[in-house]
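Asker: I grabbed these lines from TrEMBL:
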DOMAIN    B:18-337  domain 'PTS EIIC type-2'
DOMAIN    B:384-479  domain 'PTS EIIB type-2'
TRANSMEM  B:21-45  transmembrane segment
TRANSMEM  B:57-79  transmembrane segment
TRANSMEM  B:91-115  transmembrane segment
TRANSMEM  B:135-156  transmembrane segment
TRANSMEM  B:163-186  transmembrane segment
TRANSMEM  B:219-240  transmembrane segment
TRANSMEM  B:276-297  transmembrane segment
TRANSMEM  B:318-340  transmembrane segment
Amino acid sequence: MNEEGLNIMLSHFLKNNTKFLQSVPSWEESIQIAAQPLLDQGAITTAYVQAMIDNVHKNGPYIVIVPGIAMPHAKNTGNINATGMSFLKLETPVLFPEGKEVSLLFVLAAEDSTGHLELITDLSSMLIDEDVMVKLLQVSSETELISLIEEVE
Amino acid sequence: MSSVAKQKSSIRARIQVVGGFLTNMVMPNIGAFIAWGILTALFIPTGWFPNEKLAEIVGPAITYLLPLLLASTGGRMVAGNRGAVMGAIGAIGLIVGSDIPMFLGAMIIGPLGGWVIKKFDKSLENRMPAGFEMIINNFSIGILGFILMVFSYYVIGPVIEGANAFVTTSIKAMVAGGYLPLLSLINEPAKVLFLNNVIDQGIYYPLGMQDTLSSGKSIFFTVASNPGPGLGLLLAFSFFGKKAAKKTAPGAIIIHFFGGIHELYFPYVLMKPLTIIAMIAGGMTGITVFNLFHAGLVAGPSPGSFISYLALTPKGSFLGMLLGVLAATIVSFVITSIILKLDNKSDDEENFSSSLEKSKAMKAEGKELLNEIITDAPAATEINKISFACDAGAGSSALGATTFRKRLQKKNISGIEVKHFRIEDVPDDSDIIVVHKDLYERALLRHKGKNIVTISNYIDDPSLRELLETVEKNKGTEA
């Protein structure tokens with residue numbers, strides 16, 4: 001764990017993997033768009049994108065980890081080539097099932113069940129801090145996001 | 001919720017927790033009972049295919065195998081695999097320390113052994129010098145187990161033997177006084193504690209033989225061997241029982257009623273101890289009817305199967321015999337059914353309230369309920385292992401576990417294992433399973449009887465805050 005304060009892993013992974021949009025028509029599309037950077041890099045395949053969407057259909061919107069923030073992910077069934085994370089910020093929240101509003105998406109692609117833990121740890125230390133959460137919901141560019149991440153703790 | 005209602009529900013919850021503990025200790029081992037029952041019904045000298053060699057298994061299996069299994073399961077429920085080992089070590093002491101099958105003792109010593117090693121492990125937590133873990137772990141079980149073995153040999157075994165002697169004396173007193181139906185008050189509990197052969201062959205058969213010499217038949221052969229009450233009980237479980245108990249009961253009926261191996265129904269009584277009332281009432285009814293019709297058997301029905309009953313009934317006793325068995329069956333069936341029904345009803349309420357809780361997990365009531373769950377369940381009075389679960393076991397559960405670990409760290413609480421898993425992979429010795437409310441049903445399916453905490457927010461959920469507080473409190477009282 002990085003007690004030093006710099007969330008290096010998270011900011012490293014998110015670099016060039018962020019998108020900022022006004023709105024999207026549906027939650028399914030929010031996942032597709034948010035995952036696009038990972039898809040472009042070949043870290044995941046389209047099957048993984050579909051798996052993340054199916055996961056919500058099947059298990060409910062539990063990927064909405066805290067109000068307003070979703071972490072779309074699914075089991076790796078051979079659809080993930082490299083661990084990665086991408087980010088999407090929506091000005092107007094999109095509605096997930098059960099009426100859950102989401103304006104931030106952190107797409108997680110975990111190659112195995114341990115390799116990405118540092119990433120998760122970083123994300124956790126951001127979300128645990130309410131001040132950071134508030135700021136996170138207001139970021140409007142990748143630079144802002146990265147500097148916010150790096151200044152945590 | 002008024003405070004009276006709350007109190008009531010918590011007493012009920014407590015009883016259910018104890019009952020659930022017994023059930024969980026017995027249920028995984030029913031298969032072993034059935035295996036033993038089939039073997040016994042077939043191969044003992046009075047069985048269907050007497051076989052001297054195979055019958056040699058009967059004794060050791062009931063003396064050693066079955067109690068050891070129960071003790072091991074009981075220990076495992078308290079302290080995982082280390083508890084299972086301790087439970088079995090303790091049980092062998094009392095098995096050898098007494099001459100009768102030690103089921104009740106095993107069900108006490110098993111969890112006790114688990115508890116001992118759990119306490120010990122707890123006290124050494126974080127104080128183990130690196131590199132010595134394995135030697136300490138092995139020798140702690142070794143030494144504590146040694147003590148437990150001696151303790152159970154000298155203390156628990158004799159205590160249960162003493163209870164046995166008391167039973168024998170009481171029965172003799174009642175027979176002398178002529179209160180035959182009252183014998184059931186002692187017979188039925190004693191049977192369920194696996195003293196059936198002791199009382200039957202040790203007390204009733206000798207009495208019966210004296211009778212037979214003078215009058216050609218005796219009621220004493222029937223007082224503890226009537227297959228009716230057990231049949232009624234198992235029928236009730238077949239109709240109104242739940243899950244595994246319901247499914248296994250019909251098979252148990254065949255082995256019990258036709259095979260005459262009464263041991264098959266004992267586990268069902270042990271898992272719902274209240275049903276002993278049904279057994280006593282059934283037994284009394286049987287004796288009363290036999291008495292009324294002056295019915296009796298010509299010899300001891302061993303095994304106590306319906307078929308050996310018919311074979312040993314002398315002319316003129318058939319009506320009384322059949323009626324006695326039938327009446328006993330009906331009475332125990334009706335009473336067991338009522339008990340199971342009442343029990344189901346309260347379970348339904350419980351389920352209902354837990355689904356209610358689920359739907360408003362965020363609200364304050366959830367707090368109380370969680371408290372109740374955590375304080376009531378024996379397995380979780382100490383929380384050592386918290387498992388976060390989700391579908392993939394990599395994403396949200398990892399996030400939840402990491403965050404919770406951080407919170408523990410901030411509070412300087414150590415020694416609690418917080419890990420993330422796929423729902424299906426959550427280890428059995430987890431004290432608490434945390435899962436998103438959307439995945440609750442699936443978690444329940446897989447981990448019945450576990451403490452499952454549902455959340456709707458992996459980072460900062462009221463239930464998680466509550467859990468953190470409980471953990472903190474527990475640690476505080478221990479220090």
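In case you wondered, yes, glycine gets a Cβ from its N, Cα and C as well.
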Asker: The transmembrane segment (B:91-115) vs the transmembrane segment (B:318-340): three or more C-beta pairs under 8 Å (separation of 6 or more)?
Answerer: no
Asker: Counting by DSSP secondary structure, give me helix, strand and coil numbers for the domain 'PTS EIIB type-2' (B:384-479).
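Answerer: Final tally across the stretch: 45 helix, 21 strand, 30 coil.
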Asker: Any idea what the model's mean pLDDT is for the domain 'PTS EIIC type-2' (B:18-337)?
Answerer: 84
